[in-house]
Amino acid sequence: YGPDVNIGKLKDFHRRRLQVLVEAGPDLLAFETIPNKLEAQACVELLEEENVNIPSWICFTSVDGENAPSGESFQECLDVINKSNKVKAVGINCAPPHFIESLICKFKGLTGKLIVVYPNSGEIWDGKAKKWLPSTCFDDHTFELTASRWRDLGASLIGGCCRTTPSTVEAISRVLKNRKQLLA
């Protein structure tokens, strides 16, 4: 990133990685932790140029709960993705969990695509002490409580990213499966 990065350089960076992944035959391609509209556009254009027919999603991160890390609005970022038939879902990953509810609501108003959310643990890196500070608001139980709310708000795929654990994902899965069984 920086002043010398353009869409051509981003596509060059991602092209071979995309080709290798496509050759491996995955069921799904996930472009994640995207920081800006330009990189989202590069991913969309590459899917077209390489004629990729594997379902894909593009997930952004957010450092303020309102915008992409670049400062661009999600409206700007999603406009590029909404024009693509190759990208089946959009969402947020590796952002603090307390941002997720409002971002699901925002994304629901900006796209008709499926919504994907997999936040980080909410822990914060202390660069001076060189350690993670525990989350004061999110633990496995809180993920379990909020996962069904996220689904009710419109998230179709829900998981965990950095510093979440297998037990976090298990808690999310358990509550979503239990709710599904109650509704059946």
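Every residue, even glycine, has its Cβ placed from backbone N, Cα and C.
Heads up, TrEMBL stuff is auto-annotated, nobody curated it.
TrEMBL has this to say about the protein:
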BINDING   Cys94, Cys161, Cys162  Zn(2+) binding site
DOMAIN    1-176  domain 'Hcy-binding'
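Locations of recorded TrEMBL features on the structure.
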| residue | record | Cβ within 10 Å |
| --- | --- | --- |
| Cys94 | Zn(2+) binding site | 17 |
| Cys161 | Zn(2+) binding site | 20 |
| Cys162 | Zn(2+) binding site | 15 |
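Other residues of the chain with a Cβ within 8 Å of the Cβ centroid of Cys94, Cys161, Cys162, the Zn(2+) site, are Thr33, Thr61, Asn93, Ala95, Tyr118, Pro119, Asn120, Ser121, Gly160, Arg163, Thr164. Regional average pLDDT for the domain 'Hcy-binding' (1-176) in the model is 93.
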